[in-house]
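Asks: For reference, Swiss-Prot lists these features for the protein:
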SIGNAL    1-31  signal peptide
CARBOHYD  N87  N-linked glycosylation site
CARBOHYD  N129  N-linked glycosylation site
CARBOHYD  N141  N-linked glycosylation site
CARBOHYD  N142  N-linked glycosylation site
CARBOHYD  N155  N-linked glycosylation site
CARBOHYD  N198  N-linked glycosylation site
CARBOHYD  N263  N-linked glycosylation site
CARBOHYD  N332  N-linked glycosylation site
REGION    384-412  region 'V4'
CARBOHYD  N391  N-linked glycosylation site
CARBOHYD  N397  N-linked glycosylation site
CARBOHYD  N442  N-linked glycosylation site
REGION    507-528  region 'Fusion peptide'
CARBOHYD  N612  N-linked glycosylation site
REGION    658-679  region 'MPER'
REGION    717-739  region 'Disordered'
Amino acid sequence: MRARETRKNYQCLWRWGTMLLGMLMICSAAENLWVTVYYGVPVWKDATTTLFCASDAKAYDTEVHNVWATHACVPTDPNPQEVVLGNVTENFNMWKNNMVDQMHEDIVSLWDQSLKPCVKLTPLCVTLNCTDYLGNATNTNNSSGGTVEKEEIKNCSFNITTGIRDKVQKAYAYFYKLDVVPIDDDNTNTSYRLIHCNSSVITQTCPKVSFEPIPIHYCAPAGFAILKCNNKKFSGKGQCTNVSTVQCTHGIKPVVSTQLLLNGSLAEEEVVIRSDNFTNNAKTILVQLNVSVEINCTRPNNNRRRRITSGPGKVLYTTGEIIGDIRKAYCNISRAKWNKTLEQVATKLREQFGNKTIVFKQSSGGDPEIVMHSFNCRGEFFYCNTTKLFNSTWNENSTWNATGNDTITLPCRIKQIINMWQEVGKAMYAPPIEGQIRCSSNITGLLLTRDGGGDKNSTTEIFRPAGGNMKDNWRSELYKYKVVKIEPLGVAPTKAKRRVVQREKRAVGVIGAMFLGFLGAAGSTMGAASITLTVQARKLLSGIVQQQNNLLRAIEAQQHLLQLTVWGIKQLQARVLAVERYLRDQQLLGIWGCSGKLICTTTVPWNTSWSNKSLDKIWNNMTWMEWEREIDNYTSLIYTLLEESQNQQEKNEQELLELDKWASLWNWFSITNWLWYIRIFIMIVGGLIGLRIIFAVLSIVNRVRQGYSPLSFQTLIPAQRGPDRPEGIEEGGGERDRDRSTRLVNGFLALFWDDLRSLCLFSYHRLTDLLLIVARIVELLGRRGWEVLKYWWNLLLYWSQELKNSAVSLLNATAIAVAEGTDRVIEVVQRVGRAILHIPTRIRQGFERALL
């Protein structure tokens with residue numbers, strides 16, 4: 001009974017089984033995906049490109065020549081835009097940054113270009129007869145830097161050629177001791193020559209040349225972008241989670257200095273130390289301070305310049321007279337601020353090197369530019385001794401809490417002949433600057449090196465000031481930037497396949513996307529970012545156009561120059577590069593048949609070997625950057641398939657156009673074709689009538705020639721009667737039957753009407769026959785089709801019934817088996833339960849039997 005009840009309960013479930021089978025068949029069917037092209041996606045790749053400069057037009061004095069040539073830069077944007085890229089992580093590496101190399105090359109080129117038109121110092125490469133000049137040094141005190149050392153300034157006389165080359169004249173000038181060297185073969189110690197005369201070409205800086213640093217903004221051309229890391233404790237190497245995109249960097253002052261970094265940017269929170277490899281003592285350590293330390297430098301004595309003419313257009317400027325006290329140049333730094341800064345730096349170094357004692361010492365030796373802190377102050381090159389700055393020891397218990405106005409005075413020396421830092425074999429002569437010189441700068445960073453080769457178990461680490469490689473100066477400002485190339489073309493799988501259909505253009509519904517930057521949707525999913533394609537594509541083109549206008553204005557502003565500066569050349573390169581990139585993208589879109597489209601479907605099937613992720617995971621969980629990295633190895637293959645597909649499609653369209661008139665029968669019924677049909681009909685009828693007239697005339701002419709006069713066209717010719725129908729009646733009685741006659745043509749209109757009537761009747765009969773035939777064929781086809789449908793319907797009913805019966809039988813058998821098994825299981829469980837329940841009874845019976 002239980003099995004029968006189960007069978008009855010499961011008999012009604014065959015419908016559910018059928019539905020489940022259908023669902024499985026639908027789900028198992030593979031869904032075709034097709035490649036879709038998107039233009040304007042927020043994707044970028046690391047790149048190396050030509051950067052151009054932007055600078056404030058009012059940042060320099062127009063009366064002097066600015067060595068940085070910022071007048072050739074484009075104006076800075078008054079409202080610079082910085083778009084934060086949410087949910088984006090990017091790798092940065094300040095030690096392998098092409099922006100640093102590019103800035104270094106630019107500064108070298110600017111220095112070289114500023115010296116090209118200047119006078120060479122070859123006439124001064126002669127024997128100098130020099131004596132020591134002390135002036136009134138004995139009357140000075142040490143309160144402001146101390147007296148000048150003995151032999152610090154030399155009073156030299158020499159012979160120099162005049163405008164007439166075979167004549168010489170006697171001249172004199174004052175030179176600093178660092179700028180002259182004694183001649184070895186002279187024991188009088190009065191013969192000297194200028195330093196570097198035997199190894200370098202010395203060029204005098206042109207009059208009114210200013211070395212005052214002016215902020216330079218490096219900008220990326222259209223089609224490129226600059227990514228900026230905003231992590232406050234970023235080490236300069238590794239991943240950055242707070243990324244934004246900018247078109248230009250902040251204003252970077254190209255300060256050429258050693259040991260101390262001047263007038264740079266500060267850390268936002270605490271002191272940051274950066275190095276390519278802290279364990280390698282050969283690597284320079286860059287220290288970025290969080291609070292600047294002011295350094296004030298002075299050259300007290302008052303110099304007067306003297307002109308020495310050595311030929312037409314060759315004027316040498318030397319120190320002709322020193323007025324007032326001769327005292328050293330010097331720099332003052334607040335002791336409290338400096339020691340507080342060193343304490344913070346030592347704390348960071350201890351954290352990096354395992355809480356060891358940090359010792360700062362002076363430079364270990366080398367060129368004067370490295371041993372001393374060298375920099376330019378109002379046109380004079382200062383070389384300051386920093387021993388007082390780097391002479392301290394810091395351990396865990398070392399702190400500096402003192403405050404006050406105590407200052408550290410750094411003795412400085414001035415050089416006029418500078419060994420060019422950018423390349424070997426060149427030197428520069430800086431003419432003396434008249435008047436007293438004062439300059440104030442901010443120390444924003446340090447360049448340090450760590451001593452190596454000591455005991456690894458030592459508890460002390462020694463650090464010394466370093467410098468000389470100007471790339472470290474630029475690297476300290478460009479550490480948070482990198483250049484990327486925008487790749488607006490993206491491919492992804494969708495369900496849409498290209499169709500040639502008529503469709504209306506619809507506007508994008510998301511107005512808020514207009515305010516996003518080009519890469520503002522970089523952190524969004526692919527589905528969310530795809531709605532901003534219009535904005536991004538428009539910004540790409542408008543950015544190119546705007547940038548071209550800015551570059552053209554900058555180039556026009558320097559047309560009066562005989563030679564473009566390095567900035568002008570870079571602007572031209574950036575202009576050409578931007579247009580080339582845009583045209584390349586448009587060319588690819590044209591090759592793929594996607595010109596003017598932001599979303600372009602194709603007929604290329606998506607291969608799961610490229611990516612087997614589902615559409616939901618791709619469009620709702622991945623960003624365009626993540627997707628681009630996944631299919632990067634297959635991009636070139638996909639591009640090739642898109643091109644081949646478009647070529648095949650164009651070939652098919654060409655073949656189709658050759659059969660265009662037969663493409664659609666509905667075109668035969670258009671009003672234009674009907675008018676053409678009527679015209680053809682009129683021409684045919686007119687031709688027939690014309691032929692009829694011609695043949696009638698020819699027949700008449702032929703009969704006239706034979707001597708026959710035709711009857712009138714109005715005469716009715718009796719028709720011939722048969723032999724059984726005589727024309728008369730016997731005995732002449734009775735009525736004559738109506739005569740039959742053939743009607744002749746009655747004029748031209750009658751002829752036209754007769755032919756037209758005959759043609760219409762003929763056409764009517766033929767069309768009627770054709771319609772009857774077509775109706776018969778349609779009837780036969782309908783009957784046969786209906787029979788076929790009935791046959792298939794009966795077949796479907798038969799197999800569905802068979803499937804139903806099979807499913808019912810299967811379910812019944814399953815139910816019976818389950819029911820029988822359930823009965824056995826229940827019976828076994830009952831027996832086990834009874835046995836357990838009877839255990840006490842059996843025990844009692846056993847005890848009773850034992851007692852008996």
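Using the three backbone atoms N, Cα and C, a Cβ is placed for every residue, glycine included.
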Asks: Taking only the glycosylation sites N129, N155, N442, which one has a CA atom nearest to the CA atom of N397 (N-linked glycosylation site)?
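Replies: For N397 (N-linked glycosylation site), the closest Cα among N129, N155, N442 is found at N442.
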Asks: Of the glycosylation sites N129, N263, N332, N391, which one sits closest to N87 (N-linked glycosylation site) when you measure Cα to Cα?
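Replies: Given the candidates N129, N263, N332, N391, the nearest one is N263.
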Asks: Relative to the Cα of N391 (N-linked glycosylation site), which of the glycosylation sites N129, N155, N263 has the closest Cα?
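Replies: Answer for the nearest of the glycosylation sites: N263.
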Asks: Taking only C-alpha atoms and a 10 A limit, tell me which of N155, N198, N332, N442 are near N263 (N-linked glycosylation site). These are the glycosylation sites.
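Replies: Near N263 (N-linked glycosylation site) by Cα: N442.
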Asks: Can you work out the mean pLDDT of the predicted model over the region 'MPER' (658-679)?
Replies: 67
Asks: Counting Cβ atoms within 10 Å across all protein chains shown, which of the glycosylation sites N397, N612 comes out on top?
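Replies: The most densely surrounded of these glycosylation sites is N612.
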Asks: With every protein chain in view, what's the tally of Cβ atoms within 10 Å of the Cβ of N198 (N-linked glycosylation site), excluding that atom itself?
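Replies: There are 9 of them.
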Asks: Across all chains shown, how many C-beta atoms besides its own are within 10 angstroms of the C-beta of N391 (N-linked glycosylation site)?
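Replies: So the number of other Cβ atoms within 10 Å of N391 (N-linked glycosylation site) is 11.
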Asks: Whole-number Å only: compute the distance from the Cα of N442 (N-linked glycosylation site) to the Cα of N129 (N-linked glycosylation site).
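Replies: Computed Cα spacing between N442 (N-linked glycosylation site) and N129 (N-linked glycosylation site) is 41 Å.
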Asks: At 10 angstroms around each C-beta, which of the glycosylation sites N87, N129, N155, N263, N332 has the fewest other C-beta atoms nearby?
Replies: N87
Asks: Near N155 (N-linked glycosylation site), meaning Cα within 10 Å, which of N129, N198, N332, N612 (glycosylation sites)?
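Replies: N129, listed in sequence order.
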